[in-house]
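Asker: Dropping the structure in here first, questions after.
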């Protein structure tokens, strides 16, 4: 394991813990952004440059901005934080614990698939290779997903359109 | 001088960093000179010859001002905000190809910080991170005007990133690569008529430049720091050099946006008749091919910077000419005009490529 991998994993785990443990929700969001960065670093180590860049653009750049946006408006802090009843805390602990149990049970006996160094293609994660796979082997799911995204975008444009008679000024 | 290739490349990275800072420094001067020119005033002329030392005087002023922390501010994030704005601004110039290559003997120096095959996505990713500096700083100030400025910046950047990305897709459809160096090289081919991307993508360029104004928070889209409504917007509470970092980051963003537009649409380091000039230097002047190529590279570097300065001037010209929009006008322009236009542009480009009219 390279020192870079160890460092990235260390920061990833630390910042993921920070997301859960930070008292201030804005700090939690910033830790989550840091986690996405370390994940992008892992993608780069796997020679998947396109995935790394898209991870930064979509998750760190767009979705987390919206998270931060909403949390800043909510004005969450320790005084206004609602105190949950003990039963809810108990139920949450049980649910979280069983999820952990399932994940551990599922991943306990997994063997890493490994790779064959003789005919391993180091360019597999490059954008042109990825495009070939997406458009040749998975053309239909890819197009369906893109229609879904386009529909969402057209929907947001429609929501932003001024309705008849509406005036803001 | 026997530096290994990596050492030379390191020098190029350092030079890119230094040039970004230097250009941002003199943008503050240029902004005032251009403002003075457009408003028929004298402008800065006290510090040094023609006021050329004005940026230095500004730096001294900013450094010696009081470091002020507003009551109830989140101190760590209050400092972190401007730092992040500066870091993200400086990171994006790393992949811009400022020139072709210089060759001395066996050493080849590419005049580009780093060459990665997703260069355009890298710039796009860093630009999309730039908004965090503003958001964090605005929120950490514990001031409602700052928060409103930060929220405006965030929604503006997200909205215009969409149209910018869609305008970019049309360029990528023609080039078939994300590497900025490849895109530049494709815009000029030896021995045939070959137009820069602006000739093939006029609509895309128009969308891109409007989005570039919005992404860099420049007038007429500088709503995040709109004085008439928000005092100073996200930097209301900032003073001293932290304020300076925000202003600096804006000028670096202007420089990078100008560079990206020059590379994507205006041929980058290519200039007309470069191959003819190279062949003429070889045949009539008796220079070696390598030397002639080096001369062309340096001329191309000068040409790219001329294009960049032209765009920077355009940014400033617009700032001192147009008033700023209202916020709802900005949002309507982004979502209901630019995005449908950009999608139309993609379909148009696709059609033209299919029928072989452009390639």
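Glycine is treated like the rest: Cβ placed from N, Cα and C.
Here TrEMBL flags B:6-29, B:77-99, B:119-141, B:162-181, B:193-214, B:251-275, B:295-318, B:330-358 as transmembrane segment.
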Asker: Could you name the stretch, out of B:77-99, B:119-141, B:162-181, with the greatest number of CB pairs under 8 A to the transmembrane segment (B:6-29)?
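Answerer: Result: B:77-99.
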Asker: Would you mind listing the long-range same-chain contacts of the transmembrane segment (B:77-99), meaning Cβ under 8 Å and 6+ residues beyond its ends?
Answerer: 13, 16-17, 19-21, 69-70, 110-116, 119, 122-123, 126-127, 129-130, 132-141, 180-181, 184, 237-238, 242-243, 245-246, 248-250, 252-253, 255-256, 259-260, 263, 268-269, 297-298, 300-301, 304-305
Asker: Look over the recorded stretches B:119-141, B:162-181, B:193-214, B:295-318 and say which has the most C-beta pairs under 8 A to the transmembrane segment (B:330-358).
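Answerer: When the Cβ pairs under 8 Å are tallied, B:162-181 comes out ahead.
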Asker: Taking a Cβ cut-off under 8 Å, which residues six or more beyond the ends of the transmembrane segment (B:193-214) line up next to it in the same chain?
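Answerer: Same-chain contacts beyond the flanks: 156-157, 159-161, 163-164, 166-168, 170-171, 174, 183, 187, 220-221, 257, 260-261, 264-267, 270, 315, 318, 330, 333-334, 338, 341-342, 344-345, 348-349, 352, 358.
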Asker: Mind checking which residues of the chain, 6+ beyond the ends of the transmembrane segment (B:295-318), have their Cβ under 8 Å from one of its Cβ atoms?
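Answerer: Hits for the transmembrane segment (B:295-318): 23, 27, 30-31, 34-35, 38, 98-102, 111, 213, 216, 218-220, 254-255, 257-259, 261-263, 266-271, 274, 277-278, 281, 287.
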